[in-house]
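One structure is given below, encoded as structure tokens.
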Amino acid sequence: CFPGGGLGLLASCAVVVLTILGSSILYRRRTMTGVREKIRLRQSKAKETFENVKSVLQKSKVDTWLVDMPFAEIQEKLQKGQLKPSQVLLAFQAKALQVNEDLNCITEFITDAQSRAEQLDAVSPSEVGPLYGIPVSLKEVVGLQGNDCHAGCSFLINKKMCEDSIVVKMLKSLGAVPFCRTNVSQGQMSLSCNNPVYGETRNPIQRHRTSGGSSGGEGALIGGGGSVLGVGCDLGGSIRVPSHFCGTVGVKGTPKRISGAGSCPLGQEIVTVSEVYGPLGRDVDAVLAFYSSMLSPSVCTMDPLILPLPWRNELYTKASPMRIGFYTHDGCVLPVPAVVRAVHLAKSVLTQLGHTVVEFNPPDVLKALEKLLLPIVCGDKCQTLKENLSNDLVDPDLKETISLYSSPLWLRKLYSKLSNPLHPVSKACLNTKLPGSVANWWKLNEELEAYSRKFVKEWQSLSLDGVICPPFPYTAWPLDNGEKSLLGVMYTGLYNVLGYPCGVLPATVVTADDVISMKQYPNSNDGDKYIQQITVGSEGLPIGVQCVALPYQEETLLRIMKQLETGLREHKM
């Protein structure tokens, strides 16, 4: 019997509830204290690698002049013995340190890079391979023996890889020197580049803006001149968006043509849309060297689970004119004037080179976002992310995504109806129905196959060799202003859904006239207003153009990109 009757019972229950609540809060605080200490120790360990590199550089002669050379010139001089691998490494380590001071793009330097370069000094280039002595930066999630791959998630800190990933083994077999690791968005699930372990990476052109994500460390480092070739990965635009924002070249290939085995497991559980590993580079020659080397017969067979399809140089060197489609608007988000201008500039250049460029209308892109990309990527209601990050510090952009797709559909639809005026993409994100059951997953796969057939039929009806289009509908946004960054994701995400190879290269920069033209940009909903807001002060930012080819046609893709790059350079002269 409780003293005081019902009041005593209520008081006792309140004590129990408060005790449980207090214990929960105390446990959470202790857990977060442990997480912060774990992060601090990991940061301290990474800092040691910076100090080691600085120490070596202080004792060495550094030829800083060579870091500004085009990739092909560096490669040629290494192959001819005019440059030594250790000489090139020191120069790029020095430049990378300088770039990192401004942009926070490097997570750590790779400890055995110096010894590897010195070993290569004593070997003839002809005995090694076409990437002999080339320093290569790696996105933090690329597996490296003896290192963890945590993607900014504390639960993966200190879980070391027992061997190099296949892509690193391939690079080393070709003579490359992996020399640093670069920053990434937390869990690789954001188009910004921020995580609680290493902080936020900044844009090399305007430092108060984002570098893009999730391979934003690579984009910033290469865009800032601190690396000539890097490796990232792309699930929805993670190579191409940073390339567009930072003025670099980046390629997402066909799934299963370059191995991703042995790297960070985050993202690999999504199999209907594959995470693809690929290069970012200073110029098209850099990514061309990556593909032509990595797809050589002796290298591309290192992983028996990828397609044994070697590089076909006859497709790359083919001289006949091409037929190329173009579009500036995918039906989801209207691109800003600078992006539209970049596509028309690319169209003009390709036409002048003798190619036929015709209008192409990609079918039902908004529907593909709502019915395919979002249900596939968030198909578990973000349960995996929630579990992985339940006892972790979480990036605000990622927290918002988890919260959205953890909410029941009825609540999201209610919010959609009550929050007008919303951008059509915002509505699609809120109205996305997640699979939930095996039967629904089967239906989703059926819908994906049907859409893929519809898309390729449209492509074939125009007899296209490739397509040019925007890589993203707007520019890099200011830091801490990425809450609606996924608005433009279908310009890249469409080709993850389809599995088409595609790449981005710089086409132009935002001009004063482009900024003035934003006065005519729509301003009727939340998305339009966001784009108006983030493009203020965007003059001088890089604008890329995206090139696309059919699956397993990387050679054709790179042919288009190389010709376009050459034509754009001549146009500027």
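The backbone N, Cα and C atoms fix where each Cβ goes, and this holds for glycine too.
TrEMBL entries are annotated by machine, without manual review.
According to TrEMBL:
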type	residues	note
ACT_SITE	K139	active site, charge relay system
ACT_SITE	S214	active site, charge relay system
ACT_SITE	S238	active site, acyl-ester intermediate
DOMAIN	88-558	domain 'Amidase'
TRANSMEM	6-27	transmembrane segment
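Here the features listed in TrEMBL are placed on the structure.
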| residue | record | Cβ within 10 Å |
| --- | --- | --- |
| K139 | active site, charge relay system | 29 |
| S214 | active site, charge relay system | 37 |
| S238 | active site, acyl-ester intermediate | 34 |
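S214 (active site, charge relay system) is 5 Å away from S238 (active site, acyl-ester intermediate) when you measure Cα to Cα.
Taking the C-alpha positions, the distance from K139 (active site, charge relay system) to S214 (active site, charge relay system) comes to 9 Å. Within the model, the domain 'Amidase' (88-558) carries an average pLDDT of 96.
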